[in-house]
Amino acid sequence: MPESTSESVRSPIWNMFAKQAGFIVALLFLFFFGLATYSYHPDDPSWFYSGTNNPIQNSMGPAGAVIADLTSSFFGALFYTLPPLFIWVAIVLWRNPHAMLPLNNALLCTVGSVLYLSFGSVLCFLHTVGNPELQYGSGGILGNGLGQLLYGVIGYDGSTLVSLALVLLSVTLLFQLHWLSLMDRLGEAVYKIVINLREKQIERRQKKGEKSLARPDEDGLDELEEPEEPAIFRKKRNKLDSSKKENLDKNESLATEDEESQQQDPLEKEQKKESAFSKLALPSIFSKKKESKEDVVEFTPEEPDFGGLDSLSVDDADMEIGDTLYIEEDFSEVDPTAAQKTSQTLSDPLTEEKAESVEHSQITKEQADNVLFGDQAATTDTISPHKPAVRTLSEAKQLDSLDSSTPDSTVEQRNEPSYSLPDRSVLTQPKPKKGGYTEDELLSLSELLEQRLLDFGVKVEVVEVNPGPVITRFEIQPAPGIKVSRITNLAKDLARSLSVMSVRVVEVIAGKSTIGIEIPNQVRDTVYFSEVINCDAYDRSSSPLTLSLGHDISGEPVVVDLAKMPHVLVAGTTGSGKSVGVNAMILSMLLKSTPDEVRMIMVDPKMLELSIYEGIPHLLTPVITDMKDAANGLRWSVDEMERRYKLMSKLGVRNIAGYNKKVRDAIEAGSPIEDPLWQPEMAMFSEDGVARTVPHLEPLPYIVIIVDEFADMMMIVGKKVEELIARIAQKARAAGIHLILATQRPSVDVITGLIKANIPTRMAFQVSSKIDSRTILDQGGADQLLGMGDMLYLPAGLPTPIRVHGAFVSDDEVHAVVEEWKQRGEPAYIEDVVVNPEDLMSGDDSEDKDALYDEAVKIVLETRKASISSVQRRLKIGYNRAANLVEAMEAAGLVGPMGTNGQREILIPE
Ligand SMILES: Nc1ncnc2c1ncn2[C@@H]1O[C@H](COP(=O)(O)OP(=O)(O)OP(=O)(O)O)[C@@H](O)[C@H]1O
């Protein structure tokens, strides 16, 4: 033990001594070797040569002469570089025990040295570098041997190239070089030198008192003062700047968060604490009533996935963003506070302004999403700080009308809405609510529910109660091992034993492990349309297709966007409230959007429900009651959809929102866009003989096709309708064409697989059987509804439907709004929508042949002019149809293709 201790104490000293001795020996050797090399003389006697009788000239005597002779013979001219090479290797091994590369340092140096000496001497041999009078030439024995070998295999250039590459590699290994950073450093050094030189030059000139300072341009001093920064430095500096900025931004945002949390109203904090406490400390069923809103939020539907087309939604959002910013500008013109805000923004640096607008736009999008599903708490909280950014459409219109009274020329240029919206005061005001169950009643009802279920052998515990205007939802926690299906199957028995009309079992409540039992209230409150329309969610939504459907189970308004659905199927038994529901949807649009924004095609086979809307300016065609006309209306819509797609592709936009923005921007900029689909021959035949000019594009309105009973259409017209509906449903979203299809026959021959696959959003009113419910929703539940507007709304992509108590719209309300609109304007009907019903009705062979084809051919042959516009004028049909007819004639060989002068040759002799 003591021995080993003394050993361990002695060894470091010994190591140090050994190291130092080694260093001295190495130094000695290097000096000796260096002197011997550099005092080499070819006449000195050596290993290969006995020498002259002259005295030895090598300063290290005969030994030095032999060493120098050996190295020079073997390595050729390269032997001069041996001493520095050895010194370098010594330094590397001494100072850097750990190599940068994942290899032993000694190994690196050895490999590097061998490569250097071998291929360096090859290079010396090939290119006669250094003294060629050395005994074995400038390549030495090694260079000669290896060089000749390489030359024999890869030739002169190849040998040079390979040797160069290997020498470079050897340098890399020996110096453990990183070429890029070496270049970096070299560039940096050169730059510094140049800067130094220039500074000195300027100093010198200044000292000389030259005029150059007064006239810097002449002397190019301006250039000198701001020398162009090399890209490498610029990059570095930018990187540094951006990282600094990021840090600053982070710090700032942290600081704001801190500030915000500090500035939070103490009362608010207290309330938060209280609510947290109540959640923890009051597990009573009533304490959970407050959470009912959250339940609704959990159902917030996502935007449906429509494959390629779905991605277009981003553009929709863009459009909304654009609108919002535009409105904000308006607002600044009217409202002094907003103006102040804008001026503040303007005074801020550009980047800040951009950041703010981006923030606004993000909030707008989020808000829109929240708003649309009645999450009022969320919206009011988030919106308030940016109120001007999310003006409602009606507010914006008020501002517009205010703007128009100002003499500002820029304001006058703007597209004024040609209509004002009807006043909502025409709607029936809601009556006071009678309310559902009292607290005591709720308690006893929950006990009764537990008891009744126990009677059926199902042990459950009521954990939460959510009272609403029409039903009350009891959330129950079943005992372990009890299947949900058992409770679902007991729905009817439960309703009977509780003496209520019906009980709906909600098998899955998103995010919870409980089951919902929905029991109708004894006294049912009516949900008035004026209640659901006068809500933040509806007001704040910027979409012209915003629909206010009704209240959810906790009494919050449910507001959705048809543009995002993008089509909806409404089904329910007769008297379940479908027509009232459809009316609520139509009124939602009529109270939100002008005919410039939304146009409608209404199909009403019953001649009762929708005929009431006859004469409103939103209609594209009189309310269709004939199913043949209806089918043709669908065909027109498909044509219109195709036309819109062509226009959008010509303008390079992906949806109607983008198209309208581009067209409006162009109009506002005073350079409206010419119709890209216009054809030159249209100019030749105007009605009054005046040559036509290229028409300009106008913003396109959304088109909503509302069919009150599409089963009739399917029965009368047949398969073609199904195909047309599927075509519109698949593609029309981007073109701004949307379908609302209602039926009272939820059977598979009406709601076919093709229609279901293409219309993802469904609205199920009360139905008589579970099978019907499955046909509509792919699940039961609609059979347990209460009727009179009680519905299950299934947004696309959501697995479970939302129960909505539809708003009641009376005939008087509809009449009042219709009257308001009739006073505002006449409808501008498009005749094409319903013409030519025969082609759809007739057999398949004539399906693609236009009924007016023969007449068109007659006209062309008579007039000897195959012009689209003349056919259009003579037959009083739309351009598209006339173009199709002329193209059909071309296909049939009656007329030739259009020539460069815009004329077609008539191929049939006179
Ligand atoms: N949201 C509602 N609130 C209160 N009552 C309603 C509501 N919706 C409908 N009703 C009542 O139900 C009745 C039938 O409604 P509606 O005419 O809309 O049913 P429907 O399903 O269209 O029937 P049909 O297919 O026979 O036309 C209405 O007259 C009205 O009294």
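Backbone N, Cα and C define each Cβ position, glycine as well.
Now, the feature entries from TrEMBL:
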BINDING   GLY572, THR573, THR574, GLY575, SER576, GLY577, LYS578, SER579  ATP binding site
COMPBIAS  206-218  compositional bias 'Basic and acidic residues'
COMPBIAS  219-229  compositional bias 'Acidic residues'
COMPBIAS  239-252  compositional bias 'Basic and acidic residues'
COMPBIAS  266-275  compositional bias 'Basic and acidic residues'
COMPBIAS  339-348  compositional bias 'Polar residues'
COMPBIAS  351-368  compositional bias 'Basic and acidic residues'
COMPBIAS  399-410  compositional bias 'Low complexity'
DOMAIN    555-774  domain 'FtsK'
REGION    206-275  region 'Disordered'
REGION    289-314  region 'Disordered'
REGION    332-371  region 'Disordered'
REGION    399-437  region 'Disordered'
TRANSMEM  21-40  transmembrane segment
TRANSMEM  74-94  transmembrane segment
TRANSMEM  106-129  transmembrane segment
TRANSMEM  149-175  transmembrane segment
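Location within the structure of each feature annotated in TrEMBL.
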| residue | record | contacts (Cβ under 8 Å, 6+ apart) |
| --- | --- | --- |
| GLY572 | ATP binding site | LYS578, GLN744, PRO746, ALA764, PHE765, GLN766, VAL767, ALA782, MET791 |
| THR573 | ATP binding site | GLN744, PRO746, PHE765, GLN766, VAL767, SER768, ASP772 |
| THR574 | ATP binding site | GLN744 |
| GLY575 | ATP binding site | GLY787 |
| SER576 | ATP binding site | GLN744, PHE765, GLN766, VAL767, LEU785, GLY787, MET788, GLY789, ASP790 |
| GLY577 | ATP binding site | PHE765, GLN766, GLY787, MET788, GLY789, ASP790, MET791, GLY806 |
| SER579 | ATP binding site | GLU609, ASP708, ALA742 |
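Using a 10 Å Cβ-Cβ cutoff, LYS578 (ATP binding site) registers 26 neighbours. For the transmembrane segment (149-175), same-chain residues at least 6 beyond its ends with a Cβ under 8 Å from one of its own Cβ atoms are 85, 88-89, 92, 101, 108-109, 111-116, 118-120, 122-123, 126-127.
Taking the mean position of the Cβ atoms of GLY572, THR573, THR574, GLY575, SER576, GLY577, LYS578, SER579 as the ATP site, the remaining residues of that chain whose Cβ falls within 8 Å of it are GLN744, PHE765, GLN766, GLY787.
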